[in-house]
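Participant: When I checked TrEMBL for this same protein, it listed these features:
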{"type": "DOMAIN", "residues": "2-118", "note": "domain 'PLAT'"}
{"type": "BINDING", "residues": "Gly17, Asp79, Asp80", "note": "Ca(2+) 1 binding site"}
{"type": "BINDING", "residues": "Asp39", "note": "Ca(2+) 2 binding site"}
{"type": "SITE", "residues": "Trp103", "note": "site 'Essential for stabilizing binding to COTL1'"}
{"type": "DOMAIN", "residues": "118-674", "note": "domain 'Lipoxygenase'"}
{"type": "BINDING", "residues": "His368, His373, His551, Ile674", "note": "Fe cation binding site"}
Amino acid sequence: MPSYTVTVATGSQWFAGTDDYIYLSLVGSAGCSEKHLLDKPFYNDFERGAVDSYDVTVDEELGDIQLIKIEKRKYWFRDDWYLKYITVKTPCGDYVEFPCYRWISGEGEIVLRDGQAKLACDDQIHILKQHRRKELETRQKQYRWMEWNPGFPLSIDAKCHKDLPRDIQFDSEKGVDFVLNYSKAMENLFINRFMHMFQSSWNDFADFEKIFVRISNTISERVMNHWQEDLMFGYQFLNGCNPVMIQRCLKLPDNLPLTTEMVECSLERQLTLEQEVEQGNIFIVDFKLLDGIDANKTDPCTLQFLAAPICLLYKNLANKIVPIAIQLNQVPGEENPIFLPSDAKYDWLLAKIWVRSSDFHVHQTITHLLRTHLVSEVFGIAMYRQLPAVHPIFKLLVAHVRFTIAINTKAREQLICEYGLFDKANATGGGGHVQMVQRAMQDLTYTSLCFPEAIKARGMDNAEDIPYYFYRDDGLLVWEAIKTFVAEVVDIYYEGDQVVEEDPELQDFVKDVYMYGMRGKKASGFPKSLKTKEKLCEYLTVVIFTASAQHAAVNFGQYDWCSWIPNAPPTMRAPPPTAKGVVTIEQIVDTLPDRGRSCWHLGAVWALSQFQDNELFLGMYPEEHFIEKPVKEAMARFRKNLDSIVSVIAERNKNKKLPYYYLSPDRIPNSVAI
């Protein structure tokens, strides 16, 4: 009687093992086996991290094994099981691999296909076509779109983390409990003793050190020591937390009535301001998005304020970027003066603090939340709804949406919801952050997610002209590495453009992103379909880069750049100054966040800057969804390419007082998971 050897691998994460009864059936081209109980006498099967083998004897050979059915029946109480993979050794000695990497919850049956990636056109056998269709039907019931707020990209239909499909939940919900993490952060930072001091101002700048000195690092200490300097202020627009706002100024804005005489002392080339603009030496950061956004009113005891500054910057003879003019609101007028480096020390300092605060708001809500978290969730939901597990694009992308839907659901549950943690310390809390996203959706275009195009659109692409823009330099290296890898994988499965165009599942995935994620807005420039391999490669590069490199660039520097409160105030407690020559240091300190809000802010940026436990970094694919040798070889080349980028960045950072490492591939997680 023919005998098959079945090897079953259980996951190694917490609670992955099970005591339930596990039954297996083999479905082959020549027949189907009986249901076999996988059980060894006097042995604890399916323990966490275990790899167990069983002999399955059948009456007659089954032909080519096409599917395996796994059934779990309750032994004592509900006991979920994480199945990594099953391999089947046939009587003639061949091995067939069946990747799973899923939780099997409750009682029921799952059906697995062998691990070879197949497009829909590759499946000619009815049973395989049927399996493909049923899988997507099931997923589309589990992964439903929902509008969390009008005008937002659509998100997953789940009120809380436990409502999510088990496969996309965190292994341990405690690891991503924002309330718990913020409290833990404040405990680690030794700032709990200040938490009751809401509304209580600090005495002076040095007083902020009381909550800062416990956990500082090279960059945060340098920020503390140099934050008042114009060079440090300008540098952050290139390589700080929000390196996406600065752009070359092609024409002075009409609502910034600035003359050469006003900034003459800042210009080093004996040219007029207009000539400096023509030569490409003037840059601008415009926070018009914040104009008219409602400031936080959730605490009636503390008034909070926002501004919408325009900041003009200059590339000096040393090729460094420095600020030369700041107007704190959009409409010029007597009560909206243009602040200059030649003004009184504290006038200029407060104007820069207002810009830094505005930059913090745009960074948190738009650059970070909308343009990495929410966009990556859209890609993730569409992938689960439209691509079966056997599809090569599913296998390619699944590692890059790991825990993204879960972290966003948790954020909607605790962080950015009404009366959530976001309201505690941020001037855009209480609804302002929602208004910001609704506005920013108008500028969320497909092209703006294509890294090289986005850099070029801002006029920041010339490395000789702007030599210290490490975000650009490292980002382009990583973008090209991802694109090269993606192109190799696409070449394996798509012979030509026609195969791309005629792949119904791929087209449904792209359409889902456009119709639901981007709300069907033609102006977004998101494609409704893909017609060429080249466009497919670009699209997949956008998905992976956004989830990995772009998120890393704008997330993991938050503690470095925002922990020194005066450099990134989350709220301001007095309105912007309306005249020059009246600002005092006491007025600045009273404008900055009080002690309680400072602590909430510090706990938040510390918690958000930490890597997940067991983080998976770019190029790491421990879940072997692909079994084909050519793809594994492409993955090895990808890792080698990434390693060389790590070396390039490490060499550049040697002896740098301000190293830039956020886009070093060994620090880029595969997915948005924090």
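Cβ atoms are placed via backbone N, Cα and C, with glycine included.
Fair warning: this is a prediction, and the values are worked out from it, not measured in the lab.
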Participant: Using a Cβ-Cβ cut-off under 8 angstroms and a sequence gap of six or more, which residues of the chain neighbour Ile674 (Fe cation binding site)?
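Facilitator: Non-local contacts for Ile674 (Fe cation binding site): Val176, Ile407, Asn555, Leu608, Gln610, Phe611, Gln612.
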Participant: Over the domain 'Lipoxygenase' (118-674), what is the model's mean pLDDT?
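Facilitator: Over the domain 'Lipoxygenase' (118-674), the predicted model scores a mean pLDDT of 94.
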Participant: Could you check which of the binding-site residues (Gly17, Asp39, His368, His373, His551) sits closest to Trp103 (site 'Essential for stabilizing binding to COTL1'), going Cα to Cα?
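Facilitator: Closest recorded candidate to Trp103 (site 'Essential for stabilizing binding to COTL1') by Cα: Gly17.
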Participant: Let me check the 10 A CB neighbour count of His368 (Fe cation binding site). How many other CB atoms are there?
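Facilitator: I count 22 other Cβ atoms within 10 Å of it.
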Participant: How many Å lie between the Cα of Asp80 (Ca(2+) 1 binding site) and the Cα of His368 (Fe cation binding site)?
Facilitator: 34
Participant: Cα-Cα, whole number of Å: the residue listed as 'Ca(2+) 2 binding site' versus Asp79 (Ca(2+) 1 binding site)?
Facilitator: 17
Participant: How many other Cβ atoms sit within 10 Å of the Cβ of Asp39 (Ca(2+) 2 binding site)?
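Facilitator: Neighbour count, Cβ to Cβ under the 10 Å cut-off: 13.
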Participant: How many Å separate the Cα atoms of His551 (Fe cation binding site) and Gly17 (Ca(2+) 1 binding site)?
Facilitator: 33
Participant: Between Gly17 (Ca(2+) 1 binding site) and His373 (Fe cation binding site), how far is it from one CA atom to the other, in Å?
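Facilitator: For Gly17 (Ca(2+) 1 binding site) versus His373 (Fe cation binding site), the Cα atoms are 31 Å apart.
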Participant: Enumerate same-chain residues with a sequence separation of six or more from His373 (Fe cation binding site) and a Cβ-Cβ distance below 8 A; give 'none' if the list is empty.
Facilitator: Thr404, Ile407, Asn408, Ala411, His551, Val672
Participant: Roughly how many angstrom lie between the C-alpha atoms of His368 (Fe cation binding site) and Asp79 (Ca(2+) 1 binding site)?
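Facilitator: His368 (Fe cation binding site) to Asp79 (Ca(2+) 1 binding site), Cα-Cα distance: 37 Å.
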Participant: Which chain neighbours of the Ca(2+) 1 site, leaving out Gly17, Asp79, Asp80, have a Cβ atom within 8 Å of the mean position of the site's Cβ atoms?
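Facilitator: Filtered neighbour residues, in order: Phe15, Ala16, Thr18, Asp19, Asp20, Phe46, Trp81, Tyr82.
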Participant: Around the Fe cation site formed by His368, His373, His551, Ile674, list the extra residues of the same chain whose Cβ is within 8 Å of the site's Cβ centroid.
Facilitator: Leu369, Thr372, Ser376, Ile407, Val554, Asn555, Leu608, Val672
Participant: Which residue counts does DSSP give the domain 'PLAT' (2-118) for helix, strand and coil?
Facilitator: 0 helix, 61 strand, 56 coil
Participant: Sort out the sequence-distant neighbours of Asp79 (Ca(2+) 1 binding site) for me: same chain, 6+ apart, CB within less than 8 Å of its CB, listed by position.
Facilitator: Thr18, Asp19, Asp20
